[in-house]
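Lifted from Swiss-Prot, the feature list:
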- Asp8, His10, Asp41, His204: Mn(2+) 1 binding site (BINDING)
- Asp41, Asn79, His114, His202: Mn(2+) 2 binding site (BINDING)
- Asn79, Arg80, Asp122, Ser160, Asp171, Asn174, His202: substrate binding site (BINDING)
Amino acid sequence: MTTLFISDLHLDPARPAITELFLDFLRTQVRGSDALYILGDLFEAWIGDDTPSTAADAVAVALHAVADAGVPVFFMAGNRDFLVGETYAQRAGFRILPDPTVIDLYGHTTLLMHGDLLCTDDTAYQAFRAQTRDPVFQAQFLAQPLAARVAFAQQARAASQARHAELKQGDQSNVETVTDVSPAEVEATFVRYGLDRLIHGHTHRPAIHTVQAGGNTCTRIVLGDWYEQGSVLRLDADGVSLEQFAL
């Protein structure tokens with residue numbers, strides 16, 4: 001049996017082909033698995049479970065069908081969809097996990113994260129994250145009319161795009177450093193949890209890394225994004241496989 005991990009699909013009405021690819025993935029590649037873990041940024045944006053979206057409705061139906069077929073589905077919020085709540089979770093048939101989460105995978109204790117907490121060199125983002133993950137902020141935001149939430153999301157996206165454009169105009173190596181994980185934070189995370197395997201997304205740099213932490217040899221598995229292709233990590237008792245598949 002196999003456990004599947006995906007992240008960073010960034011499903012968006014402007015990119016319907018990726019949504020169709022994901023729905024096909026759920027129909028053809030997930031049934032019979034031990035579990036499906038979605039480690040954040042399933043959606044490009046999420047401003048409340050009450051937001052009308054035919055694409056999100058279709059995804060919920062497809063995910064619930066997977067769960068109904070006996071495959072548990074787990075969701076961990078990313079930096080784009082941290083406002084996904086229990087209302088949508090019930091519609092989609094998945095369980096929301098905190099970030100980080102520790103699970104047992106075929107006898108191997110493993111840490112799961114979205115990955116943005118590891119990007120500590122991006123101090124501006126970490127400050128934004130702390131603000132937007134605050135329960136009081138979220139309650140106040142979700143209490144606003146839909147139009148106000150849409151406007152806020154558009155402003156936040158524009159600010160993010162402007163900041164990334166500004167970074168790209170500078171030293172390219174600095175861009176890579178700021179937008180990738182901090183090696184020191186990765187090492188500290190392994191030591192903090194006393195584990196030797198971590199699976200995360202967020203950076204869109206799929207790879208399997210060997211890390212030395214606390215005198216131990218550890219493995220960091222980075223999931224791929226779904227911008228121009230599909231990407232999945234298949235993990236079983238015998239090993240792991242990072243795979244991509246075309247539109």
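Using the three backbone atoms N, Cα and C, a Cβ is placed for every residue, glycine included.
When the binding-site residues His10, His114, His204 are screened for a C-alpha within 10 angstroms of the C-alpha of Arg80 (substrate binding site), the residues that qualify, in sequence order, are His10. With respect to His114 (Mn(2+) 2 binding site), the closest of these binding-site residues in Cα terms is Asp8, chosen from Asp8, His10, Asp122, Ser160, His204.
Rounded to a whole value, the Cα-Cα separation of Asp8 (Mn(2+) 1 binding site) and His202 (Mn(2+) 2 binding site) is 6 Å. Within 8 Å of the Cβ centroid of the Mn(2+) 2 site, not counting the listed residues Asp41, Asn79, His114, His202, the chain contributes Ser7, Asp8, Leu39, Gly40, Ala77, Gly78, Arg80, Gly115, Asp116, Gly201. A Cα-Cα distance of 6 Å separates Asn79 (Mn(2+) 2 binding site) from Asp41 (Mn(2+) 1 binding site). Distance between Cα atoms for His10 (Mn(2+) 1 binding site) and His202 (Mn(2+) 2 binding site): 11 Å, as a whole number.
In this structure, the binding-site residues Asn79, Ser160 were compared by how many other Cβ atoms lie within 10 Å of their Cβ, and the smallest count belongs to Ser160. If you take the C-beta of Asp122 (substrate binding site) and look for same-chain residues 6 or more apart in sequence within under 8 angstroms, you find Val178, Thr179. Recorded residues Ser160 (substrate binding site) and His202 (Mn(2+) 2 binding site) have their alpha carbons 15 Å apart, per Cα-Cα distance. On a Cα basis, Asp41 (Mn(2+) 1 binding site) lies 8 Å away from His202 (Mn(2+) 2 binding site). Annotated Mn(2+) 1 site Asp8, His10, Asp41, His204; additional same-chain residues within 8 Å of its Cβ mean position, judged by their own Cβ, are Ser7, Leu9, Gly40, Gly78, Arg80, Gly201, His202, Asp225, Trp226, Tyr227. In the three-state DSSP assignment, the secondary structure recorded for His10 (Mn(2+) 1 binding site) is coil.
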